[in-house]
Amino acid sequence: MSTTFTINGQPYSVNLTDLPPDITLNTFIREHAQLTATKFMCQEGGCGACVCAVSDGKSSWTVNSCLKLLNTCSQLEIVTCEGLGNQNSGYHPIQKRLAKMNGTQCGYCSPGFVMNMYGLLEQHGGRVTMSEVENSFGGNICRCTGYRPILDAMKSFAVDSDIEVPAECTDIEDLSVKPRNCPRTGKICGGGCQRSKLIYEEGYQWYWPKTLVELFEALENIEDSDEFMLVAGNTAHGVYRRSPDIKHFIDVSGLEELYQHSSDSQQLKLGANMSLTQTMEILQSTSKQPGFEYLEVLWNHIDLVANVPVRNSGTLAGNIATKKHHPEFPSDIFISFEALDVKVLAMENATDEQEMTLEEFLSDSNKKLVLKAFHLPAYPKDKFIYDSYKIMPRAQNAHAYVNAAFLLEVESDSTVESARICFGGIRPDFTHAAPIEQLMVGHKPFESGLIEQLFNKLENLIQPDEVLPDASPAYRSKLACGLLYKFLLKHAPDAEVSEKFKSGGQSLQRPLSSGMQLFQTQKQNYPVTQAVQKLEGMIQCSGEATYMNDVLTASNSVYCAFVGATKVGATIDQIDASEALQQPGVVAFYSAKDIPGTNTFCEPSFGYQAEEIFCSGLVLYSEQPVGMIVALTADQAQRAVKFVNINYSNPRADFQLMPSLKHVFSSPTLDASRIVPLAVSKLKDVKFSDKPDVEVRGIFEMGLQYHFTMEPQTTVVIPFEDGLRVFSATQWMDHTQSAIAHMLQIKAKDVQLQVRRLGGGYGSKISRGNQVACAASLAAYKLNRPVRFVQTIESMMECNGKRWACRSEYQCHVKSNGKIVGLSNDFYEDAGWNTNESPVQGHSTSTASNCYEFTESNFKVSGHAVLTDAPSSTWCRAPGSVEGIAMMENIIEHVAFEIQKDPADVRLANINKKSKMATLLPEFLKTREYFSRKKEIEAYNSNNRWKKRGLGLSVMNFPIIYLGQFPATVAIYHVDGTVVVTHGGIEMGQGMNTKVAQVAAYTLGIDLSYIKVESSETINGANSMVTGYAIGSESVCFAVRKICETLNARLKPVRKPKASWVETVEAANAQLINLIASDQCKAGDMQTYQVLGLALSEVEIDVLTGNILIKRVDLLEDAGESLSPWIDVGQVEGAFVMGLGYWLSELLIYEGDNGRLLTNRTWNYKPLGAKDIPIDFRVELMHNPRPNGAGFMRSKATGEPPCVLAVSVIFALQQALQSARQDAGLPREWLRLGAPTTPETLVLNSGHQVAEFKLK
């Protein structure tokens, strides 16, 4: 049976039985249609990289193509980013603005953002507000930009936009919505195409019923023992992976009876198969009717469910069905509907309907009970009070810690007639706080006596379960109580609530975000210092830019998946892959014994301790790869993994599993064998430089951080003649090439790498990607066919190391004015199972004094690595310096707290008076109105019990050190004078290629349009150093300038006064002058230097929930003379926001019993999103023209330093919490905030007790 649809206007007629029954639209688009703008990443609808638009001829909407099953796409028109606009047909206005307004860096996420915006405009007829736009990108993650320029570009399309748009984007563009034609008939789609049933050879069955009779006929044909799935949006796969044992798929999207809706004065009826987006539209219109005003609250709550593409596909019935199959699922639809006493209309057959309560439906054992509709009663606002809450780790696209909904029916005298008090996220068996509901009846809800009874009883009643990685029971209990208190504060008459308590009733309201970017340029040096668009910006925004997984291969390609070990500390005795090899599509299984050369992906000659590609004996961490499955499709490889059986010998008797730093230090006896001193101070004892007045001691802890590159670890290997062509997402080609060659026992010349660009790196692809590269190369070598290995997000997070977690134990002696006269800091960093890529003896130690003044005898710092049973930790953006500077800044803040001085004054007391920071800091404090703003915050805090604000400061002195060598080649074409540059650096979003092109154009004296920067490879880029440490761009630019100067010298003899560039090049070619030159930048060619920076972060917290707003950030960085200001501003913003994620939301949790990482995907690991960034984000690149300034052409690095300044946010939170604790009557005490400081941390440290809740 075939199905028909179009992609970008191209008709496709597909025989479904030739494809897997659960193939996704994403797989078809990429692997069969070979359109690569739609990206492969999380495969669960959590990142937005795969978003595309679909239309049925009546309406258009966006979907996550990784969730959309191909068998539900019949008669749809699908639009991908390259179909929306491209080089040949012209670019779409959205693509243009995103590129020209600097909203793309690595570019991997850009097509998803473009398509989400396109879908938004299509759905709203081209008319959207800035608020609607900013609210619509919760499902799109960007790790590079910090979101601000993306949001500006998108908001510029709003009807109320005040965003300044580049002149070249202001012409009237065609954004009109056009009707789509049916791909089968070519006419306007009428939705009448028929499908019925399809049986696959393997026994799978698909059904496409058009009536309820056909639906129940299909259900009757399914054996009770068979698994089946009613297919609508398939969005539950993003939470609970779809069972591989499902044999029957029933597409219910064609059942009109399930989409019907109606309302009268008593009831709103919603078809069960309506999407959440459709539901929201009806709620919005119906909320204007008397009795249904409460639907506005319901709309706001559903707006917090998942993200726009998921809500476009996910249905009401699907959400409730997920709750039925998984009682622990924190369904927002269920908790809202249950509080509203919504009834369900369910069917056991095509003719009989029964109205049931939600709880009756959930407890019904009939698997074939079909939801037809939901009945929502009218609740007149003069008699009912309704509100609901959802508290999450970030502003959007996250499941709730706790969700709640409350409905009170009140008499005319305000006495409660009935109450429905519902909580989610407590326990699977707990929804109604029944004793509280009963207690409220007959009372006025705001009586002081009742309030006291309510919370005494509620705190005892709420007993959350303890299930990792969920938040602690203590937090969830206090949070649940806080939500009911918030409800009472909000709805009580003004006279019943203390003025100081009133703001506690309101949830934090986030206004539209905005930003300011200040920098200067040097016109005489253009295009260097010119604020130009990123060179590859347009093709990135159209999806035409090529990443490693976009490399097309022959049809005989195979795919790989790692098989992981599960018993940490045990030894592998035997691996039996025989059952896996019998699975459909499986081609091979390889393990350590199949490797012809060295079994390591980290070369000792590069300074590494060897790490096995495949574990051959002792298992060092959970999910350590022991081998890999090779199969015809990626899905087949993943499914076969679980059929590999591994036999182990038991761990040694004294083995204690400790997968994290916290496990090591919380052990009753510290295991000294795990502590490796790497940078021990030579100083025996600290000698005070003056007599101290105060001693300050403390512990400061920072957790791990996953890099979360949008592009997965990816390698494509193609056997070619007598060698391998390797397309690997690596930051260090030289290392990857060497590891592959030694693993296969072949010569380096037979392993040629090519890297066009990376979809983000941040250190994760320096060595960790080598494991995938080696594995893929082994398969290609063995099978002599193309191999594609794209690691899943779960595998990456489980197998690959993270930022080194850090624990600082400090002892500080200070004068009463804040001057530190003696400091000892012993710090410990989480190495994982070995000390590869250690920052301890590098930046962690060298930045540990930051910009403060110490002597050789009064400052003692000693660094240690701690060995844990986890993957080897890795370099991560600003490695070591994030920890080193944060340790010192935390000490300064702690000192200021103990001596009760302003932290800014303590910093000034310790900065060398002759240093540049001694001038910068006072000026920064003055221009950013630090002291006056702090007074305003103190006044606000004194007037508000449940909302608090804080202002946090951080400063940095970031050292830049040049390492290794970076080769480059420049070729001039005599035909038209155009120039191609290739180099050994790696473009990964930091704008290296743009800066290189600017430098080449400036040095050669030609227009930027003449320059193209080609892929990096291991011929012209042979022996190149890793691209990292923020030095890659400067180093490659230095090499390119040297080469261009060489070429200028060659051209000088033929250059005539009035000759054009093209004429000069032609003349040189006529005289056979070599127009190709190569050179390098090497360590020692440029001076090392320091980058200074300052940040001021203002926050507001909701004390009852722990949610925060970052109200404003002021950031000043010494960028020297920026080579490319928009590139550098983007780097500053992106690095800072990545740092904010580290300090606020990115929590990694290991299970102590088995060492397994529990937060291993987008469902439970939360980088910041578009509505978590600073509301007012002000960035200034400090212009400091110095004729002989350090750095390449007097520029300074920007890719890593700003990341360290984000620590200012936890100092602001400290200030806010101290005010809350003071109000709670607690003694003054320094709080050990660290990374991450989550809402849970904030609430549990805020000091309030539930028993103290009162209205006055």
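Cβ from N, Cα, C; glycine included.
Just so you know, TrEMBL annotations are computer predictions that nobody has curated.
Values in this document were obtained by computation on a predicted structure and should not be read as measured data.
Annotated in TrEMBL:
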ACT_SITE  Glu1200  active site, proton acceptor
BINDING   Cys106, Cys109, Cys142, Cys144  [2Fe-2S] cluster 2 binding site
BINDING   Leu371, Lys390  FAD binding site
BINDING   Gln731, Arg877  Mo-molybdopterin binding site
DOMAIN    199-381  domain 'FAD-binding PCMH-type'
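Remark: of the binding-site residues Cys144, Leu371, the most isolated position is Leu371 (fewest other Cβ atoms within 10 Å of its Cβ). Ranking the binding-site residues Leu371, Gln731, Arg877 by the distance of their Cα atoms from the Cα of Cys142 ([2Fe-2S] cluster 2 binding site) places Arg877 first. Taking the mean position of the Cβ atoms of Cys106, Cys109, Cys142, Cys144 as the [2Fe-2S] cluster 2 site, the remaining residues of that chain whose Cβ falls within 8 Å of it are Thr104, Gln105, Gly107, Tyr108, Ser110, Ile141, Arg143, Thr145, Met710, Gly759, Gly760, Gly989, Gly1134.
The average per-residue pLDDT of the prediction over the domain 'FAD-binding PCMH-type' (199-381) is 96, rounded to a whole number. Looking only at Cα atoms, the residue listed as 'active site, proton acceptor' sits nearest to Cys144 among the binding-site residues Cys109, Cys144, Leu371, Lys390, Gln731. With Cys144 ([2Fe-2S] cluster 2 binding site) as the anchor, the candidate binding-site residues are Leu371, Lys390, Arg877, and the one with the nearest CA is Arg877. Cα of Cys106 ([2Fe-2S] cluster 2 binding site) to Cα of Gln731 (Mo-molybdopterin binding site): a distance of 13 Å.
Long-range neighbours of Gln731 (Mo-molybdopterin binding site) (same chain, six or more residues apart, CB within less than 8 Å of its CB): Leu758, Gly761, Gly763, Lys765, Ile766, Gly769, Ile986, Met988, Val1026, Thr1027, Gly1028. Recorded residues Leu371 (FAD binding site) and Cys109 ([2Fe-2S] cluster 2 binding site) have their alpha carbons 37 Å apart, per Cα-Cα distance. Of all Cβ atoms in the shown protein chains, 27 besides its own fall within 10 Å of the Cβ of Arg877 (Mo-molybdopterin binding site). Lys390 (FAD binding site) sits 27 Å from Cys109 ([2Fe-2S] cluster 2 binding site), taking the C-alpha atoms as the reference points.
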